[in-house]
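Trainee: Summarising the annotation, Swiss-Prot assigns active site, proton acceptor to D287 and lists sequence analysis as the type of evidence. According to Swiss-Prot, the feature ATP binding site maps to L129, A130, S131, A132, S133, I134, A135, Q136, V137, K152. Taken from Swiss-Prot, the feature domain 'Protein kinase' applies to 123-501. Per Swiss-Prot, the feature transmembrane segment maps to 498-518, 521-541; the stated evidence is sequence analysis.
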Amino acid sequence: MIFGELRRLYLIIRVFLSYGLDELIPKTRLALPLRLWRKCLFWMPNCHKDEPLGARLRLALEQLGPVWIKFGQMMSTRRDLFPPHIADQLAMLQDKVAPFDGAQAKKLIEHSLGAPVESQFDDFDIVPLASASIAQVHTATLKENGREVVIKVIRPDILPVIKADMKLIYRLARWVPRLLPDGRRLRPQEVVADYEKTLLDELNLLREAANAIQLRRNFADGQMLYVPEIYSDYCSENMLVMERIYGIPISDVATLEQHGVNMKLLAERGVQVFFTQVFRDSFFHADMHPGNIFVSYEHPEDPQYIGIDCGIVGSLNKEDKRYLAENFIAFFNRDYRKVAELHVDSGWVPADTNVEDFEFAIRTVCEPIFEKPLAEISFGHVLLNLFNTARRFNMEVQPQLVLLQKTLLYVEGVGRQLYPQLDLWKTAKPFLENWIKDQIGIPAIVRALKEKAPYWAEKLPELPELFYDSLRQHKHLQHSVDRLTTDLRGERVRQHQSHYLFGVGATLLLSGTAVVLSRPEWDGLAAGLIAAGVVAWLVGWRKTS
């Protein structure tokens, strides 16, 4: 490692230890080297002993920057893994990160506008409405139409911090295949590259604006999800302006209940929104933590989600979507043979995998899951169990599925927080079955014909000419084949003749030589035989050339 990376690694270790996060090291024999290593760093004491562990973890991640804050946001949705006092603190990373100075934010906005804030906006609030890992948000009113908007501005000097951390993580990832038996199959560098791309994409607010416009268009005709309007004329790489929305944070269950929101329908609708994005649109909001999701105050009996912060989106290709949907259905039907075959067919495991052994391994790991009621089974954990089992059969990590799995865990966490009895399988199964039928049945054929209709309408007038050209090319090809066949037949005849002449010539030469050796007085006959042999050889050689 170069000096800069070592310095950053030292800083990370110092921050973690200064907040006493060594308490998280498990007291097991396997973790003994880590505990010994901690004792060696005795000059780095816990400087925040008065703070609870959850608060110390949150503050440490905030101090380390956006790469670590994003990780904390992801952990905050896993309330099945962390006690409430830690999960509640991590949830604050979603929209309550320490803000930077509002006056500095105003200067950044004016730099992006190329004009004073007052020239485009009224009522600009220098106090941020919310602050997150990548950017913070200020409220204002558009001068041109009086509409309330929020202005999102990227944090200053954030790019060097992200690049420094990612460079360090890349270097550590290169060691994973050398240190872990399964390291190569984990494809750590590819996973890190995917995570880095996700972070860097968030720094380009023009990309976020385009994502929001696409997502808004996808749900324009439905009641399930509302995406605020983007004011593209004011957007740049470092600044985004969008409609201000008023809604109830999805994590504020008490307020949702006070407003009479149908919690069961709201939870089920969240699952439907996710699967609609993934399978119908092939374009899904991949940062659906509670800080980015609200519920409209209107129509609480028919609740509508409001989604913001579209900086991270994901997509699956047609094949991955089909394999994923069929995997879910086969799993919940306990058809483990089908699950194994799908993993092989998709290329997720090598083609030479023993399907019987793979099926048995899946059955062994997954059958105990069905001891629980279906309402308690986690889709995210199903994927995790399947992929962990497949790793034993040389499955490589599929980066395109990592984002999906993370988002699915978000959706599950939020859904069960809203309605603990949520049965994800009951909600998702009809959608998945209908989607598969739609992909392979008559509707799929009709849809394909409709999609190709403009192409065929353009090509139809050209068909007679194309048909004539095809016949002409076929005729020319047939002439060429006939000519080649004749030439090949003649070549074979010539080769046969030359081989025959070589044989005759060799026989005459040997006969002439034998006569010379046995009957010197017959030298005339010998000379004739030898001469005839030479002539036969020359004629045979000429035919071969």
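Cβ coordinates are placed from backbone N, Cα and C, and glycine is handled just like the others.
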Trainee: What's the CA-CA gap between S131 (ATP binding site) and the residue listed as 'active site, proton acceptor' in angstrom, rounded?
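Mentor: That comes out at 16 Å between the alpha carbons.
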Trainee: If you count other C-beta atoms within 10 angstroms, which of the binding-site residues S131, S133 is the most crowded?
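Mentor: The most densely surrounded of these binding-site residues is S133.
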Trainee: Among the binding-site residues L129, A135, V137, point out the residue whose Cβ has the most other Cβ atoms within 10 Å, with all shown protein chains included in the count.
Mentor: A135
Trainee: Roughly how many Å separate the Cα of the residue listed as 'active site, proton acceptor' from that of S133 (ATP binding site), to the nearest whole number?
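Mentor: Cα of the residue listed as 'active site, proton acceptor' to Cα of S133 (ATP binding site) measures 13 Å after rounding.
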Trainee: Over the residue list L129, A130, S131, A132, S133, I134, A135, Q136, V137, K152, recorded for ATP, what is the maximum interresidue Cα distance in Å?
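Mentor: Max span of the ATP binding residues, Cα based, is 14 Å.
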